[in-house]
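Notes to accompany the following structure.
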């Protein structure tokens, strides 16, 4: 006869007690590890956020209260006079139109050209492409000020001086955009491309119907960055433009600074106005920036 040892009730109760205790210990250890990291993140957020908060709240203070002692974070008598004065004293509506044209066109061209370049650098084996990629990366090792003079001469010789096209053209190809797309396309399995070729797809169809859709997160990320870069660009438009009707927002803010004194309430109001489009663009598009499942088209 075969007998089966049944666990005693005490042993079963002990096992259940241990199983209940382990998750608690795990959760407690996880919380202890998370507290320092969370604290550090809050400290960093405060270091970055407090100056911005001070800047925004100061724009609602009267000019006489900005430097009065003791300094206060919140305005005692909030006013929007700085915003009204900035909007009335400068042609901000035209500045916004000019900057929007530059940002939208430059962003579309930057994303398109960077996507094509990154795909070629990642999926085609050619020694000259490698040399080209090294040349693109080499531009990141040079200060941007070094590139201003040759870029200015080229744009001037092309007849694009004092035009919005002269601002857009040098911004089309960026090393950051090419690198982002190249690194992303390197993670795409070659089997996906080979399967499309076996099915008879041409190279252009593979790029447009497969690679472009799965690279949407990178496209949106670069679009947000490019829009921000072009919107905040100051030195290059300042060199290229001398017609006030073609000024961008950043040059418009600079025009608010007087030669003898600075009306800080005016400057702060204009600066906050210039930030609004960037905040809107980020809030609208940031939720679309997510990881793509590039293996969805592959079979196990």
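All positions are counted from 1 along the displayed chain.
Glycine is no exception: its Cβ is also placed from the backbone N, Cα and C atoms.
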**Message:** Which range is it, out of 68-94, 95-121, that shows up in TrEMBL as transmembrane segment?
**Reply:** 95-121
**Asked** According to TrEMBL, which of these ranges is transmembrane segment: 160-185, 238-263?
**Response** 160-185
**Message:** Quick check: do the transmembrane segment (206-229) and the transmembrane segment (95-121) share at least 3 Cβ pairs under 8 Å, counting only pairs 6+ apart in sequence?
**Reply:** yes
**Cβ contacts under 8 Å made by the transmembrane segment (128-148) with residues that lie 6+ beyond its boundaries** = 117, 120-121, 173, 175-176, 178-179, 182, 235-236, 239
